[in-house]
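Enquirer: Starting off with a structure, shown below.
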Amino acid sequence: MVNTSLLAALTAYAVAVSAAPTAPQVKGFSVNQVAVPKGVYRHPAAQLAKAYGKYHATVPTQVAAAAAATGSVTTNPTSNDEEYITQVTVGDDTLGLDFDTGSADLWVFSSQTPSSERSGHDYYTPGSSAQKIDGATWSISYGDGSSASGDVYKDKVTVGGVSYDSQAVESAEKVSSEFTQDTANDGLLGLAFSSINTVQPTPQKTFFDNVKSSLSEPIFAVALKHNAPGVYDFGYTDSSKYTGSITYTDVDNSQGFWGFTADGYSIGSDSSSDSITGIADTGTTLLLLDDSIVDAYYEQVNGASYDSSQGGYVFPSSASLPDFSVTIGDYTATVPGEYISFADVGNGQTFGGIQSNSGIGFSIFGDVFLKSQYVVFDASGPRLGFAAQA
């Protein structure tokens, strides 16, 4: 059963209802991301390694080597976007979670996680409202070496004032260093399709799948921001956050992702009618494309080159970058060139926000792309909607 208790700040978008035998209807709600301090410096190639690992692609040796570089913060902290998380209440605990449309698990650091692995993290302690699911386990392991696993509980989870009392919460017993070092994130809230949830022997539903019947529309919309916290709208679209109309395209969810096909693309003034098949993934930082497109993009950037020591394309920090656009039906979604300037790697060089998808088999439209768009994830189609941010 879904119980709702709407925050005062959200009353313009939601209607408080009392518990009922069926899921109560609410207009919708919004949750804002929160900026968090940067931790230990991580080379931008770590974002590449993370994405390759997430989709079980081999992490190239040069990417792995560059990603392993650590040390004091030597980059300009405004040269790439801050890290943003969203506050979620799990049981009696408030955690900072990464909302990820590229996965379908809600997993958290917990009191079951060894103290040495949860240091610096807020964590979930199963309390009186928690019910352990006997025999249920979960496990994730990625090609970059990151992994986590543990037990599963049913507990109350609250996002933006809307609660679900029996949400599957994957409590971490083991967490690899790739996750423990990121003290900004206390876990992940997956928003992909429940078909790829990793709980065994019985996969569990995502938070969105559990609450979508209580919303006026089974949708959520994402307005990530460049160098600023973004917002997630659940159950409605906010016309103040986009310009023009929303263009929709069918979703291929056969692999559990929000997959779609762009009809063509442009680099600056040069256009191509070649289509791009990819997924919309808020949990991936970069825009990862086929090598031919990546090469073509950086051919238009003076001084750009693939630097194996950096694990990707770099260019002079003073270089002017062309816009990158994709065509979706009659709509052109444009990523401003400045968004593709991702991170300073020293010696006057910048790591690009467009990089290779390493033969994953599809492109990944990560945050570099999404931060220019208002994107609607509509479960009723399923379909995706795109409009330029206001």
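A Cβ is built for glycine as well, from the same backbone N, Cα and C atoms used for every other residue.
Given the structure is predicted, the values throughout are model-derived calculations rather than measurements.
According to Swiss-Prot, the protein carries these features:
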| type | residues | note |
| --- | --- | --- |
| ACT_SITE | Asp100 | active site |
| ACT_SITE | Asp281 | active site |
| DOMAIN | 84-387 | domain 'Peptidase A1' |
| CARBOHYD | Thr70 | O-linked glycosylation site |
| SIGNAL | 1-19 | signal peptide |
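Would you situate these features in the structure and describe their surroundings?
Expert: Secondary structure from DSSP puts Asp100 (active site) in a beta strand. For Asp100 (active site), the same-chain residues lying six or more positions away in sequence with a CB closer than 8 A to its CB are Leu188, Leu189, Gly190, Leu191, Ala192, Asp281, Thr282, Gly283.
Neighbours of Asp281 (active site), defined as other CB atoms within 10 A of its CB across all chains, total 26.
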Enquirer: Can you check what DSSP calls Asp281 (active site), collapsed to helix, strand or coil?
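Expert: Note: Asp281 (active site) is coil by DSSP, not helix or strand.
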Enquirer: Averaged over the domain 'Peptidase A1' (84-387), what pLDDT does the prediction give?
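Expert: On average, pLDDT over the domain 'Peptidase A1' (84-387) sits at 96.
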